[in-house]
Amino acid sequence: MKNPSFFFWPKLALRELLNNRRFSLFFLFNLALGLAGFIALDSFKESLDTHLGRNSQAILGADIALTSYVPFEEKTLNILESELPDNTLSTRKISLFTMVATKDQSRLVQVTGIEQDYPFYGKMILKNVGSVDPAKLKQSLDLSGEAWVYPELLYMLELNAGEYIKIGEQSFRIADSVIVDPSSSFSSFGLAPRIYLGYSHMEETALLTKKSRVSHQRLYRVPEGTDLSGLVDKLQKQINKLDGSDSKIRILTHKRAGDNLGRLMGYLNDYMGLVAMIAVFLAGIGAAYLFRNYLVNRFREMSIMMSLGATRQQTYRMVLWQLGLLGTGAALLAIIFSLGILPLLPVLLKQFLPSGFETHVNLSSMLFALVLGGVGSLVFCLPVLSRIRLVQPLQLFHGNIGSHEVKVNIWRQGLSYLPLLVLSWGLSVWQSHSLVVGSVFVGMLLCAILLLGSVAWGILILAGKLSQVSGGRTTAGRT
């Protein structure tokens, strides 16, 4: 076929796809589901990073904090606080892990003692009282000696508000349950639920001993515009001059607190990214299977086209246009799906996500999905596509076209899988943010494929032998 117009092959490819609507729809939805999961997960991770960046002050509850595992010496605090700017506000916080018990059950909890100005940023919200202000905190925790607990602890210990819970050597009345705690944005992923007490009542528990690992914190709210990096450098220089346990005082800024939590959540996101890769991989396998069935059924039409003058390269071109159109269409469909999935995630994961968490679609994820849809569909179907060159037009007119055997170059066929392997490895390393983890993941995936493939191949061989034996017995019985 000599010098057809540029739009000839795209039009012909589109017409073929429209004439095979069932295959086209199955291919589109199959690949779109895998890509939609990828887009939704990647956008969710970006939304998480954005939330942590915007709420880092609420996570720490202050601009900067000093942390020590031994009580602060008054002299040491005076030296360090002399470096703080004027009009700096401060409050104290103390926390430790311990076991609390009822008559039948016991649970690990984090007991936290706070003062009335805590937190400087964000708002704690209680189930009955609502938003907490300094006056409510002082009245309930300091003056009344009550406790605020996480609702999951009430459920685990089968307690209700108004009942008493024993912490160490002292029992405290449960005044309310904490439903929003900005300093523990992802509390469900924490080690233990929290109990809040008044700072002055922590001594009554008899848990503040040398045998306990107690975290002492001084939280500071500095004037707006303060250079935190410069302030940290000044404080660190003073700490370096101290001796003994005072030299182990740690400085924590709100940005670092958000980064630490973001790093922990990042490990979970990397794992979820690999899970998304499995979804994309399974979708690609399904797409390759559908395309193989479609291509075999189109051999006769392709042979007619080549007999009419189309070259093998032009035939490849038409098939490549079909894969490109299908992959791009699947990516666009996946973007539409992800736009519907993302708003549902905060609702479905409400108990695990912080209050005010919002999701947004990441533009880079959508653009990457478009590229992955077009290139990925070609890469997944390349092993099937490479078989076109082994088929001669005259053979395609035979009645046994579907069962005609051709000699396959094993090495060449194996090389057709190389782009798929490289693409899978690159995506796995990118999603896991680790060369080692991504490589191990792909290696284990290949081992699983080879193992399951060997088992399936063995079952087919065994089934073939059993059918031959059964067929031989049937023939012998008839004779």
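Glycine residues also receive a Cβ, built from the backbone N, Cα and C atoms like all the rest.
Automatic, uncurated: that is what TrEMBL annotation is.
Taken from TrEMBL, the feature domain 'ABC3 transporter permease C-terminal' applies to 274-390. According to TrEMBL, the transmembrane segment annotation covers 21-41, 271-295, 316-345, 365-385, 414-430, 436-463.
Sorting each residue of the domain 'ABC3 transporter permease C-terminal' (274-390) by its DSSP state yields 98 helix, 0 strand, 19 coil.
Same-chain residues lying 6+ beyond the ends of the transmembrane segment (271-295) with a Cβ under 8 Å from its Cβ atoms: 20, 23, 26-27, 30-31, 33-35, 37-38, 41-42, 45, 319, 323, 326, 372, 376-377, 379-381, 383-385, 387-388, 420, 424, 427-428, 431-432, 437, 441, 445.
If you count C-beta pairs under 8 angstroms between the transmembrane segment (21-41) and each of 316-345, 365-385, 414-430, 436-463, the highest count goes to 316-345. Mean per-residue pLDDT, taken over the domain 'ABC3 transporter permease C-terminal' (274-390), amounts to 79.
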